[in-house]
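Q: Take a look at the following structure, please.
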Amino acid sequence: MASDINHQDGSDFSRRDESPAEDEPIHSPGSPRQTEYERIGGRTGSSFFQTLIHLLKGNIGTGLLGLPLAVKNAGLVVGPLSLLAMGVVAVHCMNLLVKCAHHLSAKMGKPFLSYGEAVEYGMENVSWLSRHSLWGRRVVNMFLNITQLGFCCVYFVFLSDNVKQVVETANGTTVNCHNNETAVIVPSYDSRLYMLFFLPFVIVLVFIRNLKYLAPLSFVANISMCISLVLIYYYCLTNIPYPINLPLAGRGVDYPLFFGTAIFAFEGIGVVLPLENKMQNPRNFTIVLYLGMGIVTTLYITLGTIGFIGFGEHIRGSITLNLPLCWLYQAVKLLYSFGIYITYALQFYVSAEILIPPAVACCGPRWALMVDLSIRVALVGLTCALAILIPELDLVISLVGSVSSSALALIIPPLLQILTFHNEDMKLWVMVKDIGISLIGFVGFVAGTYISIQEIVARNSSRHSGTHLQLQ
């Protein structure tokens, strides 16, 4: 569930505690100690609870439903332990990003820094990088666009797969939810035709340029997704088979697929700074971050584990595709699909705010609206085309997670801490720790991307071979 906050909003404060290391704040020599949070303009921000809800929304989406397959790729013991470790590291990196943004915003006299701006000003702290600091912002914005548009590709695949299954099994769907079979399955169109069917509806949705008009739909979508998750958890918890005979560790070659899917699920890195900026009392944001991400990580581990236990080796890219084919759980698929449909506009908004304003600024006021809407249509068409080219939900999730989520969540924040505080008595163990986290993220980036592309090529070849044999 993506957050519906405005990433371009102005700031709420300019002075706050700076903490470059893990426990103790470090300040530049001769600079006054900054201990007060000051609101600018007296604007009322989000409350503790509202910020917590936004954080939860920003990290719960399609990635959560793919975690049972991720646990399958890692194993029944290795998978949950890896999710726990990844959650701890991801939350730590989110906290690093906030600390670095605090320090740099005070140093540069800016009330608020975006992720890209934080990296740009961090690079200016290093003499041999300062001339290229603008590229820091561009690289971060590139990965943000890849991530957000990647989410949108995943949503097209998710919508087509789930609605296709509901349509094909409608004639045989019963009220009996204890049997995961139907009497009759009627084959329908290819899933890629379903994507084309959804295309005009998604285009109309993204024409809503102001998020406040999406708020009522977003509220309904969040309610529907929450109801769906409760029913999914209920089914998984009440249908655990005995005895459990599943591998404790997966194959090493499949672990990069686990990495990509798992890091994709931690999709809230892009909303951390805007959320903290909009908070009424930003001093409490660290508590919100640890509490919210603790809840999220617990949800990830539990659903990933019980989903794999419940469906075993037959688990699919989204756990919804494994649910019983009865009316109750068919409704769950449709409810969650509706939530994902509305979430598309929220995820799309981030890329739109990065890409559209510069293009509109290059044309006159007469053509501004036409350019704006044209770019929106082109971006939606691009995400649909990519989804059609790779109509495999699990592999799209793994590829997007490996390419962009790993960079934003694991590789860049530790390096940003080194850039920001390297000349301010930064402890050696902190630097070693940061380098270690970035290296782990980089290895996951390379291995996950390679294995995901390899699997995509293999499945496409297999699909084309199967189609050729049928034609003969």
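Just so it is clear, glycine is given a Cβ too, placed from its N, Cα and C backbone atoms.
Whatever TrEMBL says is automated annotation, not expert-curated.
Computed from a predicted structure; not experimentally measured.
Feature annotation from TrEMBL assigns compositional bias 'Basic and acidic residues' to 1-19. Per TrEMBL, domain 'Amino acid transporter transmembrane' is recorded for 45-453. Taken from TrEMBL, the feature region 'Disordered' covers 1-39. The transmembrane segment annotation in TrEMBL covers 74-98, 139-158, 191-208, 215-235, 255-275, 287-311, 331-355, 367-390, 396-416, 428-453.
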Q: Under 8 Å, at least 3 Cβ pairs, sequence separation 6 or more: does that hold for the transmembrane segment (287-311) versus the transmembrane segment (331-355)?
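A: No, these stretches are not in contact.
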Q: Thinking of Cβ pairs under 8 Å, which stretch from 139-158, 191-208, 255-275, 367-390 has the most of them with the transmembrane segment (74-98)?
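A: Going through each listed stretch, the top one turns out to be 255-275.
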Q: Pairs of Cβ atoms less than 8 Å apart decide it: which stretch in 139-158, 191-208, 255-275 has the most with the transmembrane segment (367-390)?
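A: Checked against 139-158, 191-208, 255-275; highest Cβ contact count belongs to 191-208.
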Q: Sequence-remote contacts (6 or more beyond its ends) of the transmembrane segment (191-208), Cβ cut-off under 8 Å?
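A: That would be 156-157, 159-161, 163-164, 214, 341-342, 344-345, 348, 352, 373, 376-377, 379-381, 384, 387-388, 391.
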Q: What same-chain residues lie close to the transmembrane segment (255-275): Cβ under 8 Å, and 6 or more beyond its ends?
A: 2-3, 5-7, 9, 46, 51, 54-55, 58-59, 61, 63-64, 66-67, 69-71, 73-74, 79, 82-83, 86-87, 90, 93-94, 97-98, 101, 112-115, 118, 144, 147-148, 151, 285, 288-289, 293, 296, 300, 350, 394-395, 397-402, 405-406, 408-410, 413, 444, 447-452, 455
